[in-house]
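As given in TrEMBL:
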TRANSMEM  17-34  transmembrane segment
DOMAIN    21-440  domain 'Major facilitator superfamily (MFS) profile'
TRANSMEM  54-75  transmembrane segment
TRANSMEM  87-105  transmembrane segment
TRANSMEM  150-173  transmembrane segment
TRANSMEM  179-198  transmembrane segment
TRANSMEM  255-280  transmembrane segment
TRANSMEM  292-316  transmembrane segment
TRANSMEM  328-347  transmembrane segment
TRANSMEM  353-374  transmembrane segment
TRANSMEM  386-408  transmembrane segment
TRANSMEM  414-435  transmembrane segment
Amino acid sequence: MSSFHQTSEAVQKRTNARYWIVVMLFIVTSFNYGDRATLSIAGSAMAKDIGLDPVGMGYIFSAFSWAYVIGQIPGGWLLDRFGSKRVYFWSIFLWSLFTLLQGFVDLFSGYTIVMALFMLRFMVGLAEAPSFPGNSRIVAAWFPAQERGTAVAIFNSAQYFATVIFAPIMGWLTSAVGWAHVFWFMGGLGIILSLIWLKVIHDPSDHPGVNQAEREYMEQGGALINMDQKSEKQNVSFRDKRFQIKQLLQSRMMIGIYIGQYCINALTYFFITWFPVYLVQARGMSILKAGFVASVPALCGFIGGVLGGVISDWLMRKTGSLNIARKTPIVLGMLLSTSMVICNYVETDWVVVLFMATAFFGKGIGALGWAVMADTAPKEISGLSGGLFNMFGNASGIITPVAIGYIIASTGSYNGALVYVGIHAFVAVLSYLVLVDNIKRIELKTR
């Protein structure tokens, strides 16, 4: 009996707990983007109540990104210092709380209501700052290189899935019972989700559902399974930390990746801020219809996002080259995204939706920046490296909504806005083809 038990243990089938981890990342990231998009759906109704013009709305949209960018390096440091599970819990809980509180801004009046909304959006951005560096750290800890592209694509595609699921719901809530209910609904569900996170997420080394076969498979494929083990953490002086960051900023590869992410995120921020408003103001749709129509390109973005990761990992297995595996979907996807400019030359709504869906599909395929980050981040500062990457990427979240607001205010049209966003897609292509050379993990030097 003992011999049989030993034999069965020896041929024990590998568990797949890592798949449930990425499912949880997908759900959390869906809420992350759902909470970001609350204002874009409720924005038209709120603007009428508050009296905001396009420039003012642009600044309110950008409040999130000011804080999100400022919080990236501190958020990355917190992840490296305290681990992904704890820091991410507080991130989910706090961004959900601040989202919920936005439903009460009408308790203020006049200019104070605008300031309250700006500050709450700012706090949502600050609370969400560790989220994507946390996603990247968790994927780097749980997934071998040959599965990493798909894992990143799954959690990254949640940004599109969030629109598919939540935009119609939020559009209906705004039309049926008022914009405040959008914030109460999303914030309340997020607080519940933060408690579920604590029960589901563990490190690979102490997850009760992981057997030795799965741990060995992950580690042999390059997963950093002991990333958050306290025994391996070392205190690094501020001077040394600054030297580590300097090495990242002096890398041509990283500069190209940062510029590429900035440009790719410009498309993201157009779709989650101005796109629903564009459908209402430029195309004459109702808020309810815009909520449903916005979900069509988002669904295509979701499909493209998953497909981009699958293609990338397939290319990795076939060629063994990170350059081919990561750059090919990014370049092809961004070229597809430039098709949104064609919307300036068509009048029929369904044709506009078709080209926006094509652009969003391409953006989904090309959104592999976090896979590249998981491939390149130094293991000693994976959280900080992800924070720096996300800081550059989301600087576009500050600039893009405001720039579009000024373009609309000065021209009275959305045509220039679509050209502005389309150019970013083309610059992303140039960045990966010209600046990013060989994609490889950076080995930090010591003084």
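Any Cβ shown, glycine's included, is placed from N, Cα and C.
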Arithmetic mean of per-residue pLDDT over the domain 'Major facilitator superfamily (MFS) profile' (21-440): 86
Seg_contact(the transmembrane segment (54-75), the transmembrane segment (255-280)) with at least 3 CB pairs under 8 angstroms, min sep 6: yes
Stretch contact, the transmembrane segment (179-198) with the transmembrane segment (17-34), Cβ-Cβ under 8 Å, 3+ pairs: yes
Remote residues contacting the transmembrane segment (150-173) - C-beta distance under 8 A, at least 6 residues beyond either end: 18, 22-23, 25-34, 37-38, 41-42, 135-136, 139, 142-143, 179, 181-182, 185-186, 268, 271-272, 276, 287-292, 294-295, 298-302, 304-310, 312-313, 360, 364, 367-368, 370-371, 374
The transmembrane segment (328-347) vs the transmembrane segment (414-435): 3 or more CB pairs under 8 Å: yes
Best-contacting stretch, by C-beta pairs under 8 Å, relative to the transmembrane segment (87-105) and drawn from 17-34, 255-280, 386-408, 414-435: 17-34
Positions whose Cβ lies under 8 angstroms from the transmembrane segment (17-34), at least six residues beyond its ends: 88, 92, 95-96, 128, 131, 135, 138-139, 142-143, 147, 151, 154-159, 161-163, 165-166, 170, 186, 189-190, 193, 197, 200-201, 204, 207, 209-210, 214, 218, 272
